[in-house]
């Protein structure tokens, strides 16, 4: 956690330096932009971290996940015992364990930190996966928590949000001034239209970057699951997913931390949070279960 806070501070500092350089190159007075930078950081990081802090509550509410407080069946007992054993092996606090009603084979992890997390599995997973395959899926989710992926994604999203807000307004101001022929003119309706369009365009590129990082993170979680449950079990779980790949019904806020993502070709692949299952299986076979 400490390393990620340091990374956050260094990244924030780098954002401010880069923004100042860009504004100087574009002929914008950086001293006039301090308010914009503060506003961008507040909105950019604020939204990401509020979502992170509320992630467990929102995930349980949006999926209808029922936390297992006292196991009532053999399956629930096995789930809790397996998560506890893997959490101890990964050096994290015991997450809450939940089951949500969903026909697809899926599971997800969420939470604000390594010691305050949630692991939930679908009823479809419990119905269609063997116990060894489900063990590997749980290991994958525990690896997400142990790697601090939720915090890292929140940091990255905050940086990207800040860039989008700042660049859209800086570039929008330059375009507006060029069109009006007056650098000192007030901001009119056209300026806000330009900024709105630029935020959508820059937001698409920011999403591509975030999803690229998310796909790399999935390979690491697969490797972590292989270490906790066994490489062959992890491969078998992914192969089972490839045979029973249905529509992902997880809410958008937890899809990135599910075991299974969407399917897409061409440009759509750039916006997927998960790599193709064939690539994940191939990476595991080539890695011998080592961390990636």
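Cβ atoms are placed via backbone N, Cα and C, with glycine included.
Within 70, 76, 218, the residue that Swiss-Prot lists together with 140, 144 for binding Zn(2+) is 218.
Record note: among 5-25, 89-109, 5-25 is the stretch given as transmembrane segment by Swiss-Prot.
Looking at 113-133, 155-175, the range annotated in Swiss-Prot as transmembrane segment turns out to be 155-175. Tertiary proximity for the transmembrane segment (193-213) is limited to same-chain residues at least six positions away from its ends with a CB under 8 Å from its CB atoms, namely 153, 156-157, 160-161, 163-165, 167-169, 171-172, 175-176, 270-273.
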